[in-house]
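Q: Before I ask anything, here is the structure I am working with.
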Amino acid sequence: MGSRALPPGPVQTLIFLDLEATGLPFSQPKITELCLLAVHRYALEGLSAPQGPSPTAPVPPRVLDKLSLCVAPGKVCSPAASEITGLSTAVLAAHGRRAFDADLVNLIRTFLQRQPQPWCLVAHNGDRYDFPLLRAELALLGLASALDDAFCVDSIAALKALEPTGSSSEHGPRKSYSLGSVYTRLYGQAPPDSHTAEGDVLALLSVCQWRPRALLRWVDAHAKPFSTVKPMYVITTSTGTNPRPSAVTATVPLARASDTGPNLRGDRSPKPAPSPKMCPGAPPGEGLLAPLGLLAFLTLAVAMLYGLSLAMPGQ
């Protein structure tokens, strides 16, 4: 599947997604709650856009599937996150919630496989938060490719594209595209149950029911493979999960090898043993004096004997 591949045909199921977590991206957050709400395109194609200056929020489709779970994050929630979501690590532990694990990934996979394909995940600010965070959680389990057959879109980009051209003032305040602001702008009231995963998913569905057929056309043209999303963060560990040694473990033994005995194999250039012909501590060449002196003495003795034999001819 290419990095710019579009779905093989019209998206059949929109999977509205929201995650609550322990904090912002810089803190390497962990998921505390997730909700997926699956709606078939048939449920949206037959809808008419809400009418009037402040229409009431539409009722969700009668036929939909929903998966909502709280998750033990394994780290402390930031005070701000706990205040917004109403969840804390202690509360989740007290309720016996389990971690984001392989069983949960299988549950998500099973939920998706019950829906007609192609699937498209839809999340508000998904490109910057929900999708990268979900990819990070999958990667930590070694299951980074578990959802690679899904597609995804960020509903903020969709709403900006679908908004009427003259709806924003060039000189007025910058229009907010937070989920609460968009919902209030469309329906004249704040969304119920904000900052719960299920409440935000239902609010997002209501927003997408504003111009449902135009939304479906935009999704078909702009959905991207979930496999192209980069994880929000990557955590490397040294306790059996990373087969490659770190720089520290690779260099420290080599540094110690030159300072220890010959049993270590780090020193590949052992010093040669002293020659048996050399006296330890003597200058080179001094060991040759003894044999040279003996040779000179024998030569002198032979010469003297030869001289004596010449001096005694009568014998």
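For all residues, glycine too, the Cβ spot is worked out from N, Cα and C.
Below are the features I grabbed from Swiss-Prot:
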BINDING   D18, E20, D200  Mg(2+) 1 binding site
BINDING   D18  Mg(2+) 2 binding site
BINDING   E20, A21, Y129, D200  substrate binding site
MOD_RES   S78  phosphoserine
MOD_RES   S167  phosphoserine
ACT_SITE  H195  active site, proton donor/acceptor
REGION    236-315  region 'Necessary for endoplasmic reticulum localization'
REGION    243-315  region 'Interaction with UBQLN1'
REGION    256-282  region 'Disordered'
COMPBIAS  271-282  compositional bias 'Pro residues'
REGION    282-315  region 'Necessary for cytoplasmic retention'
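Burial and contacts for the listed features, if you can.
A: When secondary structure is read from DSSP and collapsed to three states, E20 (Mg(2+) 1 binding site) falls in the strand class.
Neighbour list (D18 (Mg(2+) 1 binding site), Cβ cut-off 8 Å, at least 6 residues apart, same chain): L34, C35, A123, H124, D130, A197, E198, D200, V201, L204.
Taking a C-beta cut-off of under 8 angstroms and a sequence separation of 6 or more, E20 (Mg(2+) 1 binding site) has the following same-chain neighbours: I31, T32, E33, L34, A81, T85, L87, H195, T196, A197.
S78 (phosphoserine) counts 16 other C-beta atoms within 10 Å of its own C-beta, drawing on all protein chains shown.
Looking at the region 'Interaction with UBQLN1' (243-315) alone, the prediction's average pLDDT is 43.
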Q: For the recorded substrate site formed by E20, A21, Y129, D200, name the remaining residues of the chain with Cβ within 8 Å of the site's Cβ center, in chain order.
A: D18, L19, I31, E33, T85, D130, L133, H195, A197
Q: Beyond D18, E20, D200, what residues of that chain have CB atoms within 8 A of the centre of the Mg(2+) 1 site's CB atoms?
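A: Here the non-site neighbours turn out to be L19, E33, L34, C35, H195, T196, A197, E198, G199, V201.
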Q: Return only the integer: C-alpha distance in Å from S78 (phosphoserine) to A21 (substrate binding site).
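A: Here the two Cα atoms lie 9 Å apart.
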